[in-house]
Amino acid sequence: MSALGRLKSWEGLLLALLVIIVAVNIEHSPYYLGVGNIVNLFQLSIEKIIVALIMTLVIINGEIDLSVASVMGLAACVLAWLFEMGTPMPLAIVGGLLAGLAAGLFNGFWVAYVGLPSLAVTLAGLIGYRGIARILVEDHPIGNFPEWFNLVGQQPLIGPVTVSIVIFALLFVIIAITLHSSALGRLVYVIGNNLQAARYSGIRVRLVKMTLFGASGTIAALAGILYAARLGSVRGDMAAGFELDIITIVLLGGVSIFGGSGNLAGVGLSILVILNLRNGMGLASITGNTQTSVIGALLILSVLVPNMAQTISNKWNGRET
Amino acid sequence: MNWLQRYVRPEQVRELSLLLLIIVAVIVFGSMIDNYYTSRTFNRIASSVAIITIVAVGQTLVVLTRNIDLSVGSIVGCTAYFTGTLLAQNNDLHPLLVVLAAVALGSVLGAINGVFVAWGRVPSIIVTLGTLAIYRGLLVDLSGAKTVTTDSLPSWLVDLPRVNLFAIGEFDFRAMFMLALMIVIIFQVGTSFLALGRRLYAIGSNPDAAKLIGLPIKRLVFLTFVLSGALSGLAGFVTLARFGNITVEAGRGLELEVVAAVVVGGVNIFGGSGTIMGAMLGAIMIGILEQSLFRLQISEFWRDALLGLLILLAVASDAVILQRLRSLWARADLKFIAKPPDDGPAPERRAPP
Amino acid sequence: MKKYLLATAALAMAVSINHGVQAQAMAKPGEALDMVLLPKFLGILPFDQAHQGAQEAAKELENPTPLQFLGPTPENSVAGQIEITTNATTQGVAAIMISNNSGDQIVPAAKAAQEKGIAVVTWDSPIPSAEGEDVFVAQVDFSETGVVMADMALSILGEDGGKFAILSASPDAANQNAWNAAMKEALKGEKYAKLELLDTVYGNDQSEESYNQALALVDKYPDMELIMAPTSVGIVAAAKAMQDEDLCDTVKTSGLGVPSEMLAYTMNGCAPEFALWSFVDLGYLTYQTAYAIATGALKAEEGASFKAGRMGEYTITKDPTRDAGLRILMGPFSVYDKDNVEAAAK
């Protein structure tokens, strides 16, 4: 099977899964199709799926960023800390975004210029950035943000659609264009496919990696700030542990952890699959570890079943795998 | 020096650079903390790294073959809990049987991972991200929120953390630390000298070549997952002994600590290089940093920020020292072979599978 | 301490007598109400006990709709609680009973639930700002927790007092923070002048971290004689650490713990005294309260009182431990030692 065929079948599989899940949800819960529920379905995980978009690029490029959740927390805490010191809210937001950018570039520096594995660097970042967030807010939550800030996170903007959802949609388009029809996007794939070859052919590997890590930090910070607006108050443990959910979404989207393959359509479908599944289970009162177990099983089966099918069909055709 | 350079490669002394960093860390902390150079500090660090080290040995085996096992924390939790329940119901079970039960349960859970990865051809990160959630979910469902409590366990187990195998002066060598050390030595010897061990390196550094020369890749990968599960099971037993009270939360988040130890220990996450000793040194390095930060007279809230920074510094200085060593060797080698063009860091990267 | 208890009891009684005569409400049993009990997370004993208590109340009130016990996973507690609250709102349940782990972050979701006419009752841990919450069912008076802990410290360390440290859960746990603050407040009293609080550290409710933190405290403060852990995970980890290091004679452990988990350490003297309340009763009272509010038999306003089945009469008062909000006070504490821990552990 060609790489293209494999990818197509992957998205086909996700689409089929999505159809099944949606059908079951409609059958099962009268509340599922309500406009409010569909908005909630996105809104409840909006920060994770925003970060999943940029994580897709990072992983296709052959790296990983485990620090995103801590950067989300850091940005929210920087914002809250600045706000508490009397900084006007718009400036505090800029401060939060800059903190994210700085954290991302700091990761990028060690990966691109010093040559450390991104897993190690961002694992240190996961601990360290959370630590800085903790220093800023210590043990007291910060809230009472200006009303408009909370409204941004909680109120609909166009019809029932919230600001965060609009931002997600815009980012999806921007990142899709960047990845699939820009020079940078091509470089992301080339480097992810074969770093050595990319280097020998004169590609500015370091610049690309710095760009991606910087973008990852900034977008994580944006997501963290939206999270703060949605919840209306900030604590040191904000978004802790989100990284595994984010990476799960990207991997289910068919992106190879070794880099070089995957696309944004797959990740988009994966987002829809996971969000609808979670929502359906939530409405059916399936929560906690049972819910995560089902998603875990889905993750394994979605790769296992096509593999098995292929093996069987190859045997049928009398070929060796 | 020339003689040395001919017979020893930088990769063979790679652990030395980490050892050097550990010594530096101990000296620095010693100058900042009163009563640091005491047997107590040694005992604390030794017993705190035992669990991580045991799991990290199994993780290293898996990582060598270009795979990863993220389900270890859930396996530790399951084995600690279920072995504890078993023991609470049959207090006079022979200790050896208890350990065997823990290892067996761990092996079964590891084997499930292994089957999916080796024969199901599902990437290991996907399988173990899935089983990380599934094993924990099973534990929560099957336990009915009950806790294994210390008073229901036999006294030999509860007292195990206190058992000293021997002591040199004030320095206790406790049974659990020695167990971890023994595991490290066994697997270090195994991976260095046994053909089986060397094959793991072959698979990780070049899977295609390994296949061409006819290595049973599937069986070997399966074996590493079983071993990782078995060692996690053993760590589950140690967890049970150490904490006595086991809730369904036991071992949660352990996977990240273990991966950190392995990565700091210089094991290449993309397979093919790194050693068991290295993983242990990584665990010890992190243990020293954590334990020492606990004792520094600093605000609670600064600890994590410093820990992150110090881990990064450890990894970075390790890389720099190694690079220096390599270029030193390369200069000596120049007479024999041409040096590859060096226009960027980390040239030892993998091709996509 | 006794005086304080008596005073609060008297006050509570006075209030309930005042209102009990004219306004005592009784919820009509047998109504079909969809009710959700939402713990901080699933899988640990105290919340399971609360679930038992709530089920007992549900049976007594003959609610034909089964109680939903829904909770997130521990690592996803905040986002999970918000998600479950939002989904329950979508389903239009009658009442949500939350042991809040999300501080004020749950306010938007809880407000949305209230706007849909859902009764939002918190228990175990309240919403700090009280926004979006009808009433908080408090297991004990949060300022009293500080006094109880200070009293236990004094009783363990003796008249001469001594130095001790707090091993708390996470810096984000609102009820833990309130208790620690209450304890610091109580320590200002003359009675406790000889107690010295050295440090507050966090074990994040993980055994390993709590265990290491407890040992680090011993190393850091050689003259420390007591570790006070107001968390059921921290207290057992600390007690085990002291036992493993043969330190039980010099460093005692105390705080809030579950009797069955503490039995061994109380009997061998590592943790001679600790306290807790009944989570079964807390679940029972919470369900009774939520049911009464959801049926309209009880209005969530100051002074309203009602009969909560086997536990008798309760009155809604202002919550003196928060700036705003109403509460129902369950109380009192049970303090456990060698004499009564075995019976309680069963």
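For all residues, glycine too, the Cβ spot is worked out from N, Cα and C.
What TrEMBL lists as transmembrane segment is B:16-33 (among others).
Sequence annotations record features per position, and here TrEMBL assigns transmembrane segment to B:45-64 (among others). Using a Cβ-Cβ cut-off under 8 Å and counting only residues 6 or more beyond its ends in the same chain, the transmembrane segment (B:45-64) has close neighbours at 72, 76, 110, 124, 161, 172-174, 176-177, 179-180, 183-184, 187, 191, 200-201, 203-204, 224-225, 227-232, 234-235, 238-239, 242, 254, 257-259, 261-262, 265, 267-269, 271-276, 278-280, 282-284, 286-288, 290-291.
Per TrEMBL, the feature transmembrane segment maps to B:70-88 (among others). Same-chain neighbours of the transmembrane segment (B:70-88): 51, 55, 58-59, 98, 101-102, 105-106, 109-110, 113, 125, 127-129, 131-136, 138-139, 143, 146, 148-149, 152-154, 157, 228-229, 232-233, 235-237, 239-240, 243, 246-255, 258-259, counting only residues six or more beyond its ends whose CB sits under 8 Å from a CB of the stretch.
The transmembrane segment annotation in TrEMBL covers B:95-119 (among others).
Residues or ranges marked as transmembrane segment in TrEMBL: B:175-196 (among others).
For B:217-238 (among others), the entry in TrEMBL reads transmembrane segment.
Taken from TrEMBL, the feature transmembrane segment applies to B:258-289 (among others).
Marked as transmembrane segment by TrEMBL: B:301-322 (among others). Same-chain neighbours of the transmembrane segment (B:301-322): 10, 14, 17-18, 20-21, 25, 260, 263-264, 266, 285-286, 289-290, 293-294, counting only residues six or more beyond its ends whose CB sits under 8 Å from a CB of the stretch.
In terms of C-beta pairs under 8 Å, the stretch of B:16-33, B:95-119, B:217-238, B:258-289 lying closest in packing to the transmembrane segment (B:175-196) is B:258-289. Note on the transmembrane segment (B:217-238): residues 50-51, 54-55, 57-59, 61-62, 64-65, 67, 69, 72, 75-80, 83, 98-99, 102-111, 113-115, 117-119, 124, 176, 179, 183, 196, 199-200, 203, 207, 210-211, 250-251 of its chain, located 6 or more positions outside it, place their CB under 8 angstroms from a CB of the stretch.
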